[in-house]
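For reference, the structure discussed in these notes is given below.
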Amino acid sequence: MSSGEEIAFHVDPGGKLNGRIRVPGDKSISHRAVMLGSLAEGVTEVTGFLNGEDCMATLAAFRAMGVEIDGPEDGRLTVHGVGLHGLKAPAQALDLGNSGTSMRLMAGLLAGQSFDTTLVGDASLTRRPMRRVTEPLAAMGARIDTAESGTPPLRIHGGQPLRGMAYAMPVASAQVKSSLLLAGLYADGTTCITEPAPTRDHTERMLTGFGYPVTRTDDTVCLQGGGRLRATRIDVPADISSAAFFLVGACIAPGSDVVLEHVGMNPTRVGMIDILRLMGADIRVENPREAGGEPVADLRISSGVLRGVRIPEELVPLAIDEFPAIFIAAACAEGETVLTGAEELRVKESDRIQVMADGLVACGIDARPTPDGMRIRGGHLRGATVDSHGDHRIAMSFAMAALRSDGAMRIRNCANVNTSFPGFVELAAGAGLGIRQEAQS
Ligand code: S3P
């Protein structure tokens, strides 16, 4: 979905971050607002919607299946729901760009339709594992073809009766859980998913907000097929995964003092705050409140001295998207940081263990990748040219590293920052980062 024009970031060394910042809306919640709003009966009004390429890919897919959606305009979206059985066959394959969330969640939802669909994506998405959803969906009665390696494109055969099932997930994945719950809406009987560790629960919360009964006991979430979704209002909080870059930037750059406004504080998403606090970060949670079924707060961060830690494995799923930024914090900390139990990072938009280790080594940091994590010894960051490999979160993480580097950082292949954080360069520059983007040679 990206425009095809590659861009690089050039970031001057040093500086500090200051001011009140509101980062864009939560990506996970924005995707789900389009999906559930489309399947609901009535008109769903969304505010704070993330106008990034990933969520726009989801939006375009539902439009292609006959859903009328107005906006987004200033984060406002109006979704004219068609009901659980109102989607129409799209005229062509649905292109989900870089977005794993779109593809995995929609695989479940589309397995229950009466028509066939084909889901395709960009080069990165086409490398990502899909059997984690297609195999359990097949056990529910779905028929989905993948490429031989279990990767996209997905060809989903409609008209298959689905059966509810009890499934214990081998990986802690909110995408898998959500995919199966969405299929469960169309299944005969009860679908119960057991997680090996808690993962983000936005699907469960939002289904409840749409009036669909969902039950949770300990590590298992269940729903019955055959119900209805009733349209609602959704206020999307600022994305803690986007706030992450400013959190780390403010922690590592002396003299920084930043307030991040209206940040989503869902307990299944705040692992990074716990990890940074273990490292000694000064993060205050102010004005906690609730918005649209999700906890939110303002976060105040001041710079300080960080120390290396052994990251508790139970925090890994709760900070899964924030490790590129956490690795930068580790590179600026005193002593060694050790991450284990995070092999999932190898199958994100890039292999985030290898790509981050390569970039840190280019900056002169002792970073040693392991199969399921990394050891990073904090040290002196040299300015360097690093390649984000088209991974939005890696690009933004290295941009923040410039706050502590002794020379300029040049980051290649940054166009995909628009998948999750349109306006990053302007917002970061306004807060004090010496960043500009340039056409990539
Ligand atoms: C997401 C779940 C996570 C996360 C992704 C968004 C979601 O993936 O990495 O960016 O919206 O459900 P996994 O559930 O596969 O870990």
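Cβ coordinates are placed from backbone N, Cα and C, and glycine is handled just like the others.
Those TrEMBL annotations? Automatic predictions, nothing curated.
Residues or ranges marked as active site, proton acceptor in TrEMBL: ASP321. Counting Cβ atoms from all protein chains shown, ASP321 (active site, proton acceptor) has 24 others lying within 10 Å of its own Cβ.
Residues or ranges marked as 3-phosphoshikimate binding site by TrEMBL: LYS27, SER28, ARG32, SER173, GLN175, ASP321, LYS348.
If you look up TrEMBL, you'll see LYS27, GLY100, ARG128, GLN175, ARG352, ARG393 marked as phosphoenolpyruvate binding site. Following the DSSP three-state reduction, the secondary structure of ARG352 (phosphoenolpyruvate binding site) is helix. Of all Cβ atoms in the protein chains displayed, 26 besides its own lie within 10 Å of the Cβ of ARG352 (phosphoenolpyruvate binding site).
Taken from TrEMBL, the feature domain 'Enolpyruvate transferase' applies to 12-426. Confidence across the domain 'Enolpyruvate transferase' (12-426), taken as the mean pLDDT and rounded to a whole number, stands at 98.
Listed in sequence order, the binding-site residues among LYS27, SER173, ARG352, ARG393 whose CB lies under 6 angstroms from an atom of ligand 1 come out as SER173. Ranking the binding-site residues SER28, SER173, GLN175 by C-beta neighbours within 10 Å puts SER28 at the top. Within 10 Å of the Cβ of LYS348 (3-phosphoshikimate binding site) there are 20 other Cβ atoms, across all protein chains. For the recorded site, SER173 (3-phosphoshikimate binding site), the DSSP three-state label reads coil.
Take the CB of GLY100 (phosphoenolpyruvate binding site) and look out to 10 A: across all protein chains shown you find 20 other CB atoms. Summary: among the binding-site residues (LYS27, ARG393), the fewest other C-beta atoms within 10 A of the C-beta are counted at LYS27. A count of other CB atoms within 10 A of each Cβ picks out ARG32 as the most crowded of the binding-site residues ARG32, ARG128.
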